[in-house]
Amino acid sequence: MNYKGLPSSVSIVTGQLVCPIRTFHPVGVVILIMYVVIIVANMMNILLIFCDKKLHKPMYLLICNLAAVDVVYTTSTSPTMIGVLLAGVKTISYVPCIFQMVIYHVGAVMEMFALAVMAFDRLIAVSCPFQYQSYLTNTRIIILTYILWLAALVFVSVMPATVLSLTHCRPRLIYAFCDFAAVLRTTCGDLNHHFNVVTVISFFLLFFTFFLICLSYFVIVFYVKLSSNVDKRKMGSTCFSHLIVVVCYYCPLFIRIVLTRMGVVLTIEERHGLTIGSFLGPSLILVNLVYALIILLCFKYYAKMREF
């Protein structure tokens, strides 16, 4: 069965891409539980920040944005994997597959952008505590967030533009969900050029955002050394949780890159594990931050009630 690019024939979009992944119920159950917990916790996070005017501050707006990114990121892939592993759904329509690919990669790019901006926010808070509110206002954070989402869409637009311009001749999707590499391998012809273009863009975004985060923490460490012990604890508490999320997101990506550059051939299951870890790991860390925020708000509310 042949698949052509959408520009040449719109009727082809009703075709099916077969997903040859074996059903493995325990993994599906784990992903299902993690997905439900992540969605519920992140929605609670967004509602808490939205409803409490005291949390309408730049730092919490950035946390709210990260929660929204995690919802988009995990939702782009988890339902498909759950359907494959638990319900035995082996096919996905071509158009939903393209949409899933775009949403997944937009979520991946926005995860990097969100973590980099949060590191910059902590840098301003540590280095310029008295000018923080004048430098980072709610309006500026909201405008910056919109710009980042738009930039992510622009970067990712290369992928559907590439895939839709090619002829599709392979009906088998060797992956548990639709990412660019899997969908591109369903097309015909020499794919090296297309892989190289997207690889250059991906590496630029990955290392550029990681460099900004490292640079921010390098300056933060410099200011921490000049601070008192009390200030060091305050700075550490504000940066530690963000640093954990950064490690959980970037480590699986760098491990896969390093192993690939060393010539280690990863199986489909190993690639799945590293990919799943990169987008479920940070989300689960954020879940713990949500619960910590809820507990903190409850304690503050209880303290106010005792005053009366």
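Glycine too: its Cβ is placed from the backbone N, Cα and C atoms.
TrEMBL lists 41-296 with the feature domain 'G-protein coupled receptors family 1 profile'.
Annotation source TrEMBL lists transmembrane segment at 27-50 (among others).
Annotated transmembrane segment per TrEMBL: 62-86 (among others), in sequence order.
The feature transmembrane segment is assigned by TrEMBL to 98-120 (among others). Taking Cβ pairs closer than 8 Å, the transmembrane segment (98-120) reaches residues 62-63, 65-66, 69-70, 72-77, 80, 92, 144-145, 148-149, 151-153, 155-156, 159-160, 163-164, 177-180, 183, 205-206, 209-210, 212-213, 216-217, 242, 245-246, 249, 278-279, 282 in its own chain, all 6 or more past its ends.
Residues or ranges marked as transmembrane segment in TrEMBL: 141-163 (among others). Within the chain, the transmembrane segment (141-163) has long-range Cβ neighbours (under 8 A, six or more residues past its boundaries) at 5, 58, 61-62, 65, 98, 101-102, 105-106, 109-110, 113-114, 117, 180, 183-184, 187, 194, 197-198, 201, 205.
Per TrEMBL, transmembrane segment is recorded for 200-224 (among others).
According to TrEMBL, the feature transmembrane segment maps to 236-259 (among others).
Sequence annotations record features per position, and here TrEMBL assigns transmembrane segment to 279-303 (among others).
Regional average pLDDT for the domain 'G-protein coupled receptors family 1 profile' (41-296) in the model is 80.
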